[in-house]
Amino acid sequence: MNSFMAIALIWMMIACAEADKPLRDPGMTGFQTCKDTLKLPVLEVLPGGGWDNLRNIDMGRVIDLTYTNCKTTEDGQYIIPDEVYTIPQKESNLEMNSEIRDSWVNYQSTTSFSINTELSLFSKVNGKFSTEFQRMKTLQVKDQAVTTRVQVRNRIYTVKNSPTSELSFGFTNALMDICDQLEKNQTKMATYLAELLVLNYGTHVITSVDAGAALVQEDHIRSSFLLDNQNSENTVTASAGIAFLNIVNFKVETDHTSQTLLTKSYLSNRTNSRVQSFGGIPFYPGITLETWQKGITNHLVAIDRAGLPLHFFIKPDKLPGLPGGLVKKLSKTVETAVRHYYTFNTHPGCTNVDSPNFNFQANMEDDSCDAKVTNFTFGGLYQECTELSGDALCQNLEQKNLLTGDFSCPSGYTPVHLLSQTHEEGYSRLECKKKCTLKIFCKTVCEDVFRVAKAQFRAYWCVATGQVPDNSGLLFGGLFTDKSINPMTNAQSCPAGYIPLNLFESLKVCVSLDYELGYKFSVPFGGFFSCIMGNPLVNSDTAKDIGAPSLKKCPGGFSQHLAVISDGCQVSYCVKAGIFTGGSLLPVRLPPYTKPPLMSQVATNTVIVTSSETARSWIKDPQTNQWKLGEPLELHKAMTVIHGDGNGMSGGEAAGVTLGVIIALGIVITLAIYSTRKYKKEKEYQEIEEQESLVGSFATDASPPNGEQDPCPA
C-alpha cells in the first residue's frame, strides 16, 4: 500500500512538472535549437554588422540578431534571423565579364563595390586601405602595369536588414558610456570613447548583402602592351578572358590560331597574376567551371555589400530610454569621430604617375601635378610654455628659436601660431597628515596621493613677410616622432649636421645652419598647417597679409605629409612634390587620436533634460542611472532637490538639517527615558524602606512587657 502511494505521488510530481514546463526553454533558444528542429543549415551571410569602409573589413555587430521564430528563406533552404529577410534570385544569375583598370584611381572592390560608392562621407578614400587596393596600386606603379580582371559571379540571395531591428547589447552599452560622459560635460572623454567606438565597430553598418560566390582572376600586364593595342582594348580583354577560361578548362569556340597568338602575346606581357575564389569550393589548378559552380551550395559568402554610416543608426527610436536632445548630441559626436578617421587617412597629392610631382602615398588628387615650385625660406620655430599646476613640466616643452636664441622670430619674419594645448602628466607623492580622535588621541597617517601636473604649450613657426637675404633661414632636414621615422634617414634621427628641435609633445624637427655641409641633406620646405591654422605660404596675398585666414593646404609644387596627430589635432608639413614618396604604402592610422584625461574634472551631474520642442522633461533616476519621462509630481520633487525651496535652502542643506533634528530628538528622548526609569527605581526603593520600617515598629509595639501574662488565656 505504501509503495503504491509513493508511485502515485511521484507520478503526480512529474505530471505537474510537465504541465509547468514552458513551450520553449529559454536556455535552448537560438539557431542551434532551430537547426535541431528544422534540420537545415543557418545562412551565414547576414547584414547588421559594422564595417570599416577604409579597410573593407567586417567589424563588431551593431544590429541584434535572434532566432526565436526559426524563420527560413522563401525557398526553405536556410534558417535566417528574425530581423532579416531575403530576396531569392528566382533565375540563374551567372555573370562573366572582363575589364581593364588602367589606373588605381578607378579601383573597384570585388566584394564591396556598393558600400564603397556610398557618398555621405569622404568617398574618394573608401577602400583605399584594403589589401586588394594596396596590392593593385603597388603592382601598377612598381611594374608600370595596368590591371585586367575577369570574373564569374553567381548571386543566390539578397539579404536585407529589417528597419525595426534593435541595436545589439554591446553596441548599446558603448553608446551609453559616451552618453554618460556627455551628461557630465566631459567632452574630451566622450570624444575618446567615440573614437574607440569607431575602432571597434567601423564607419558604416551593412544593411544589405548579396550572398553567392565569385571566381576572379586579376592580371597585371605591361602598360606598353595596352598602348600597342590602343585601338583595340577589346582585344586585351578578350585575351584576358581566354587566359581565364583556359585555367578553368572551359572550351572556347574561336579560331585556334588567333586564340594562340592572342594568348601568347598576352601572357608574355603579364607581370603578375592571381586567381581568387570567394565562396564555393576552394580553387585548385585543373578545376572546371562546372565543378566550382556545383560546390556553391552551403558555401555562400558576401559578394557585394551596401550600407549606411554608423551615426545614421543612433536615433531616438533606437534609443528610447534617452532624451532626444542627448541622442542628437551623441550621434554628432560619433559622426565627428568617423570624420576624423577619414581626415587623418586622407593624403592629398599628385596621383598622375607620369608627372614629376607624382606622390606614391597620395590617395586624393590635389592639382599639384603641374604646379611649379617656389623657393621659400624657413625662419625657424619656437614653443612657449606656462605651468598650470603640479610639478615642473615646461623644461621639456619649451623650445627657443635657433636663429634668435629666444622665443621669437628673426627680423623680417612673423610668427604663425600653429596650436595651443594642455599637457598632462600624472605623478604620486607621499603626503602625511595628523588624524585625531576626540582631539586628544592623535597619530600621523601617510599615504601615496596621485596628482596631475598640467602645463600649456603654444607652438609657433616663422614665415617671411617679404624679401629676405639669401641663406638667412634654416635648412629643413625632415622630422620624426617616437612613433614615426624621418623619411630622410629612414630612422628616428636627423641627418648629419642637423639639430632636432622640440615641437608639441613628441615631434622632433631637424634643422641646420650649415649651408655648405648640410645643403645636400636639405629638402625645399613649404610650411606647416594644423587643424586650427592654415598655411600662409599658399598664395602671395595671404603671405603679405598674415591676418587673413589661410588655406589648410600646401603651396603649388609641394605635397602634404603628416607631421603628428597631437591630441586629436592633425599637424601637416609641406615639402617639394616627389620627395618622401618612396617605400611601401602608408598603413592606416587607427583611432583613438584623442588622449583620455588622466583625472576627470569636476562633473556636472545632469538629472533633468527639458525639450523645448516637445515640452517634455526627462528625469534621471539617481539609483539606477536610467532616464524616464517625468510626471509633474516627480519633476517638482527633482526641482526641489536641485534648487531647494523658496527660502533658498538646497536639497543637501535640507537633508543635513533634517538629520540633525532627528539626532537631537533621539538624544532628548533617550535622556528622558533614562531619567524616568531612574526616578521610578528610586521611588520604589524609598517605598520599600518605608514599609520595612513600619513593619518593624508594629512588631515592637505588639510584644508584652516582661513578667506580665496575657489577660485572655485561651
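All residue numbers here begin at 1 and follow the chain in the order shown.
Cβ coordinates come from backbone N, Cα and C, glycine included.
These come from Swiss-Prot:
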DISULFID  C34-C70  disulfide bond
DISULFID  C350-C369  disulfide bond
DISULFID  C385-C394  disulfide bond
DISULFID  C432-C446  disulfide bond
DISULFID  C436-C442  disulfide bond
DISULFID  C531-C569  disulfide bond
DISULFID  C554-C574  disulfide bond
DOMAIN    30-345  domain 'MACPF'
CARBOHYD  N185  N-linked glycosylation site
CARBOHYD  N269  N-linked glycosylation site
CARBOHYD  N375  N-linked glycosylation site
REGION    410-653  region 'P2'
REGION    690-714  region 'Disordered'
SIGNAL    1-19  signal peptide
TRANSMEM  113-120  transmembrane segment
TRANSMEM  127-132  transmembrane segment
TRANSMEM  235-244  transmembrane segment
TRANSMEM  248-256  transmembrane segment
TRANSMEM  654-674  transmembrane segment
- Item | Close approaches to the transmembrane segment (127-132) from elsewhere in its chain (Cβ under 8 angstroms; 6 or more beyond its ends) | 53-57, 107, 109-110, 112, 116, 345, 363, 587-588
- Query: Far apart in sequence but close in space: which same-chain residues, 6 or more away, have a Cβ under 8 Å from C70 (disulfide bond)?
  - Reply: T33, C34, T37, L38, I79
- Task: Can you see whether DSSP assigns C34 (disulfide bond) to helix, strand or coil?
- Result: helix
- Message: Distance check, please: Cα of C531 (disulfide bond) against Cα of C369 (disulfide bond), rounded to an integer number of angstrom.
- Response: 25
- By Cα-Cα distance, the member of recorded positions N185, C385, C394, C442, C569 nearest C369 (disulfide bond): C569
- Query: Taking C350, C432 as the disulfide-bonded residues to compare, which has the smallest set of other Cβ atoms within 10 Å?
  - Reply: C432
- Task: Compute the C-alpha separation of C446 (disulfide bond) from C436 (disulfide bond), stating it in Å without decimals.
- Result: 14
- Item | Cα-nearest neighbour of C569 (disulfide bond) within the listed recorded positions, N185, N269, C442 | N185
- Give me the Cα-Cα distance between N185 (N-linked glycosylation site) and C350 (disulfide bond), rounded to a whole Å. 43
- Query: How many whole Å apart are the CA atoms of C554 (disulfide bond) and C436 (disulfide bond)?
  - Reply: 67
- Query: Cβ-Cβ under 8 Å from C385 (disulfide bond), same chain, 6 or more residues apart: which ones?
  - Reply: L393, C394, L397, E398, A455, Q456, F457, R458
- Message: Tell me which of the glycosylation sites N185, N269, N375 sits in the most Cβ-dense spot, judged by other Cβ atoms within 10 Å.
- Response: N269
- Message: Please identify, among the disulfide-bonded residues C432, C436, C442, C574, the one with the smallest Cα-Cα distance to N269 (N-linked glycosylation site).
- Response: C574
- Query: How many other Cβ atoms sit within 10 Å of the Cβ of C369 (disulfide bond)?
  - Reply: 20
- Message: Most Cβ neighbours within 10 Å: which of the disulfide-bonded residues C446, C531, C554 is it?
- Response: C554
- Task: Measuring CB to CB from C436 (disulfide bond), give everything in the same chain under 8 Å that is also at least six residues away in sequence.
- Result: C442, K443
- Item | N375 (N-linked glycosylation site) and C574 (disulfide bond), distance between Cα atoms, whole Å | 12
